[in-house]
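*Asks:* One structure is given below, represented as structure tokens, and several questions about it will come after.
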Amino acid sequence: MSTVAKTNPKSSNKPGPVKSIIAGGVAGAIEISITYPAEFAKTRLQLYRNVEGTKAKLPPFGLEWYRGCSTVIVGNSLKAAVRFFAFDSIKKSLSDEHGHLTGPRTVLAGLGAGVAESVLVLTPFESIKTAIIDDRKRPNPRLKGFLQASRIIVHENGIRGLYRGLAATVARQAANSGVRFTAYNSIKQSLQSRLPPDEKLSTVTTFLVGSVAGIITVYCTQPIDTVKSRMQSLSASKEYKNSIHCAYKILTQDGLLRFWSGATPRLARLILSGGIVFTVYEKVMEILKPF
């Protein structure tokens, strides 16, 4: 009996896979519902091409900025669920007997989470979202929503149409998760070490730590994100042979700074995103802890 009493508290402190999936899914859905306009602006700016010196333009703020939102809400909740489940699973397998994770192993866990979410969830949903946003620039847009856009893309391009830009998406998410989780865990552990063992970081502090992790992530990974968006545009199959060819054309035709196009709205989103996702995730995990 005494053995059971000692081991149960320890095991209950470790997040199970179901709890990670639920907490990650809830966090992802709430985050994108709040930050989607910034995602729309980022994607539109990344899809802009230099044509006779014209400047990139965004439509007046309104419902137009929520085109493709339903697609991303579903995709983001699934993505976050897969990301946190994968990260927690990999982290658990790489941790020492005290549950501690070294810096390099944290990076490895983050990279693994990024690859998992890219292949299983993100690429198809990102392809549909980007196609819907890109389609809105046309005189007579065809794509109206997630299901209808999915049918058209699959009908015209096959299943491979949903996986356009897979390599760039995997690279971006691996880099995103590697940088983001490493920054978040490093800062969090540093701050937590200054507190008593039984005291947790406040909600405000957790939000700020997540926001800082988001800022670091944006500037490290924006070039890959721009290539990904271009590879998932409606004209990608006619313009680019692969992600490397796409990056070369952006560099030679639009210049080096074009790789950071859309960085400002993405930064705005990830500052909020990092704070919202990690804060909601931690809170949901606390709520689920007794179960």
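Along the chain as shown, the residues are counted starting at 1.
Cβ coordinates are placed from backbone N, Cα and C, and glycine is handled just like the others.
Dumping what Swiss-Prot says about this protein:
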- 15-93: repeat 'Solcar 1' (REPEAT)
- 104-190: repeat 'Solcar 2' (REPEAT)
- 201-287: repeat 'Solcar 3' (REPEAT)
- 21-41: transmembrane segment (TRANSMEM)
- 70-90: transmembrane segment (TRANSMEM)
- 108-128: transmembrane segment (TRANSMEM)
- 169-189: transmembrane segment (TRANSMEM)
- 201-221: transmembrane segment (TRANSMEM)
- 259-280: transmembrane segment (TRANSMEM)
*Asks:* Below 8 angstroms Cβ to Cβ, which residues of this chain, lying six or more residues outside the transmembrane segment (201-221), approach it?
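*Replies:* Distant contacts of the transmembrane segment (201-221): 172, 175-176, 179-181, 183-184, 187-188, 191-192, 195, 260, 263, 266-267, 270-279, 282-283.
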*Asks:* Per DSSP, what is the residue tally for the repeat 'Solcar 3' (201-287) in helix, strand and coil?
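*Replies:* Computed counts for the repeat 'Solcar 3' (201-287) are 75 helix, 0 strand, 12 coil.
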*Asks:* On the DSSP side of things, how many residues of the repeat 'Solcar 2' (104-190) fall into helix, strand and coil, could you say?
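*Replies:* The breakdown for the repeat 'Solcar 2' (104-190) reads 74 helix, 0 strand, 13 coil.
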*Asks:* Below 8 angstroms Cβ to Cβ, which residues of this chain, lying six or more residues outside the transmembrane segment (259-280), approach it?
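*Replies:* Those are 23, 26-28, 30-31, 34-35, 38-39, 41-46, 48, 56, 80, 180, 184, 203, 206-215, 217-219, 222-223, 225-227, 229, 247, 250-251, in sequence order.
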*Asks:* What else in the chain is close to the transmembrane segment (70-90), if you only count residues 6 or more beyond its ends and a Cβ gap under 8 Å?
*Replies:* 15, 17, 20-29, 31-33, 36, 39, 108-110, 112-114, 116-117, 120-122, 124-126, 128-129, 132, 145-146, 149, 177, 181, 277, 281
